[in-house]
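Undergrad: Questions regarding the structure given below will be posed in turn.
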Amino acid sequence: MMAFLKYREVWLAAAIIVLIGLISTRFPAFADPANLRQVFNDTSILMILALGQMVIILTRSIDLSMASNLCFTGMVVAMLNAAHPAIPIPLLIIIALVVGLVLGAINGLLVWRLNIPSIVVTLGTLTIYRGATFVLSGGAWVNADKMSPEFIGFQRAAFLGIPVLSLIAILVIALFFILMTRTALGRSIYAIGVNPTASVYAGIDVGRTKFIVFCISGMIGGLAGYLWISRYVIASVEVANGYELNIIAACVIGGISIAGGIGSVGGAVLGALFLGIISNALPVINISPFWQMAISGSAIILAVVLNARGERQQGRIILRKVEAA
Amino acid sequence: MTDVPAPRHIPDRLDKPLSSAIFSWEALLVVVAVAIFAINSFASPYFLDPYSLSDLTFNFTEKGLIAFAMALLIISGEIDLSVAAIIALASTMMGMAVQAGAGTPVLVLIGIVVGLGCGAFNGLLVTRLGLPSIVVTIGTMSLFRGIAFIILGDQAYKGYPESFAFFGQGYVWWVVSFELVLFLIAAVAYWFLLHRTSFGRRVFAIGNNPVAAQFSGVRVGRIKFILFCLTGLMSGIASVLITSRLGSTRPSIAQGYELEVITMVVLGGVSILGGAGSIVGVVLAAFIMGLVTFGLGLLNVPGIVMSIFIGLLLIIVIALPIVWRRLRGGR
């Protein structure tokens, strides 16, 4: 039982429960299951993005271009839908994944082949992808009335009482959980973050793994592009401007070490939920939304201070069970 | 077993991709700058007008001032993402002072002190608690701008005194603006600090190997703290200039500047991994970014498309020496 308390996720989950408890003293209906389901749904896109960013950060890299990728891919699918409403939504989602993948692969190739630090590469593509959105759209917006009802309705449809958006988030969480805990790739990702030199000697191709990881985050950015546009039903150059830092913030609150190697799927999800609850609760309990930035900033700093002690210790122990035996 | 082959693709501090090309970096930047200057002067007949060239400088002086301090910070292996938020907070404080009837000297003092205070706050969190600066400053970025949003809401502060306008709009001599003079003075000061003092040498030492520097008697924590204070101070000064130039304060002031400042520093040849870089490179990079945005502006290219060129320029200029070396190395 005490060993249970060593996990950061447990503390984070406790913090979230306390947060919900505090909010419900001011506004009892907030803790209502229906409302919590709504909060989960509202946070789905951030959770998905945080997972994509997590695998990047675990390998000691960073992807600053995610929000721009989201913006570009969202514009592509919105314009496709406006021009050809007949394209079925599953095909559009596949297109979004492919477009996102290409953008991620460009980042990955530059990091892998030219060995440019990822922060520099994605700083460049951050502005390039957003600029490309402007070139593509000519600066025009795609409004709700140009999008087909299926485009807007897909993620709002409920299946077993749960909106499709939430289901997609759950699916992505499950996939990432399998990737990180049950596959060789997941293990390599942790290994690279903990010690890149040792990983090379262990036979891991660090460059190629980083490339794959950037492709994953690109696909996530593309998926989030469709979800974002169909949720907020407007595609413009301004979509998700500056959001890349919210994504990183969610990861940081979730206990993912910016130095690589430490972090978990549960942490990223809970970190995103934490930010999501704050932004959902503020208007409900009559705090001006202008407070949101200051509160989430304080939460980030607090989370980092609390994390600091853990990060001085070594990275995630991959062979935990073996060591315990 | 003695000859273990050097592993590839290891992001090791000793394996900096830029360091061997750094000596020719300034030369490369000069070529780029001259090329863009030439293209600009062919592209528009208005470009070579002295007043137009003077306008050009406003495109980079404010961000360039911060870029000098940021260059030192990045060379030491840290980063500050909160500089634009510091500008917003300092500007908001100046706006509050104006509403209370403060005069120009008080406003300037407030801008500088708030900037310095924010920088010191970052520095304390990073050095005292040993936290990674990229995370700390993402947090303080939200915090500082959040405070500006809380105070301002969706309003704007106006009514700055007329004498205050000099800092962002005034000219010292004919077409030479006060901002440009300040930029040049800061360039010389930072060049001297980084390349001609033992403080500067220690900054490089910390960036190359903080542990070795510590054992060599360099007070790593204190120097990093000073660098954060300097970055905050320069952001405060930039805040005075921008607020004076715009004549108003909004909570969204200087949004996105942090990435432009970092782009300037990296384009200037400063290694993002720390330990390498020069002030001359940063000055050239500032000019280049000013030239690109101004030239494209003359051609009526929208701002968002300019950012494509800045992004491409960043990646191409960084990739160039690496590709060049690969081709010559034959692998």
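Using the three backbone atoms N, Cα and C, a Cβ is placed for every residue, glycine included.
Taken from TrEMBL, the feature transmembrane segment covers A:41-59, A:66-83, A:89-112, A:119-142, A:154-178, A:185-204, A:210-233, A:245-278, A:290-308.
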Undergrad: Give me the stretch from A:41-59, A:66-83, A:154-178, A:185-204 with the greatest number of Cβ pairs under 8 Å to the transmembrane segment (A:245-278).
TA: A:41-59
Undergrad: For the transmembrane segment (A:41-59), find every same-chain residue at least 6 residues outside the stretch whose CB is under 8 Å from a CB in it, and list them.
TA: 66, 70, 118, 163, 165-166, 168-169, 172-173, 176, 179-180, 189-190, 192-193, 209-210, 213-214, 216-217, 219-221, 223-224, 227-228, 231, 243, 246-248, 250-251, 254, 256-258, 260-263, 265, 267-269, 271-273, 275-277, 280
Undergrad: Which one of these stretches, A:66-83, A:89-112, A:119-142, A:185-204, has the most C-beta pairs shorter than 8 Å to the transmembrane segment (A:210-233)?
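TA: Top-ranked stretch among A:66-83, A:89-112, A:119-142, A:185-204: A:89-112.
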Undergrad: Mind checking which residues of the chain, 6+ beyond the ends of the transmembrane segment (A:119-142), have their Cβ under 8 Å from one of its Cβ atoms?
TA: 61-65, 67-69, 71-72, 75-76, 78-79, 81-82, 103, 106-107, 110-111, 229, 234-237, 241, 244
Undergrad: Using a Cβ cut-off under 8 Å, which residues of the same chain at least 6 positions beyond either end of the transmembrane segment (A:66-83) come close to it?
TA: 49, 52-53, 92, 95-96, 99-100, 103-104, 125-130, 132-133, 136-137, 142, 146-148, 151, 217-218, 220-222, 224-226, 228-229, 235-237, 239-244, 247
